[in-house]
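Notes for the one structure printed next.
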Amino acid sequence: MRGVQQGGSSLVEEFSPAYYGLCTVGGMLSAGSTHLAITPLDVLKVNMQANPIKYNRILSGFSTLWKEQGPSSLWRGWSGKLFGYGVQGGCKFGLYEYFKRLYSGVLVDQNRNFIFFFSSASAQVFADVALCPFEAVKIRVQTQPKFAKGLADGFPKLYKAEGLTGFYRGLVPLWGRNLPFSMVMFTTFEHSVDLIYRNIIQRRKEDCSRSQQLGVTCLAGYAAGAVGTVISNPADNVVNSLYNKKAENVLQAAKNIGLTKLFTRSLPIRITIVGPVVTLQWFFYDTIKVLSGLPTSGELGRHQKDTNLLA
């Protein structure tokens, strides 16, 4: 039976339906809680994207929001962050584990990168379909103070005004933002875990303590978040432009923003947000695994022979 961690039995058998359920719950709790915690930074980010002239710096942007709209404005859209990204995180982490196992059995002779890419992309497609309605309401709540107070009144108001189309207006650019991010993030994480165990710690994961394993998770998580942020920044700006009706389609939004600003607008604050958030997500996610008696995430290195690992 798989799923034994350092001599103790796990609550669920690894790769069983219960295991994927646990991963889904872990993803929901880790993603929802971390995104809720950084709501003020997210409020500033979407306003910097919607009105870059007025909100052109992090400190001055916070000051402007505080003075003009009050301190409560910094928590506008918190419910969209908690529930929307909770649902997305559950799909993303749970389905990634499922697809990675599935593709590992099908693409036996393929490079591991293909498995990581296909698994993360497959999971993210479903995760963004779940997230999109929450994101549509959240962005409007954060950038249009008179639109709604939160999800409870925002959902019916958006549906009445735009129908189902309004909830999924940004799905394609959302895929454009999150698919590359997810593919790069998961792949970077997997390889970072392998590199740390192989070249730095020079021990198998199973021979490390739980605190050491979680430390590796944090280092690999931060690297994954930082790299993924740079890759996904252009699409993030396009998503914001479409939801705020500053453009009718992706091409128009990209043209209005400009090539250079697609990559640079709001990038510093996104790095400030995403790096720690992804790190905490992986930490909370793997902590739930460890407390359940399961090994931490990262397949590379787990299945290496001792001679290869210490080479």
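Note: Cβ is positioned from N, Cα and C throughout, glycine not excepted.
All TrEMBL annotations are machine predictions without curation.
Since we're looking at a predicted model, the values are computed, not measured.
The repeat 'Solcar' annotation in TrEMBL covers 18-102, 111-195, 212-291.
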Grouping DSSP H, G, I as helix and E, B as strand, the residues of the repeat 'Solcar' (212-291) number 71 helix, 0 strand, 9 coil
Grouping DSSP H, G, I as helix and E, B as strand, the residues of the repeat 'Solcar' (18-102) number 74 helix, 0 strand, 11 coil
Averaging the pLDDT values of the repeat 'Solcar' (212-291) gives 88
Residue counts for the repeat 'Solcar' (111-195) under DSSP, helix then strand then coil, are 74 helix, 0 strand, 11 coil
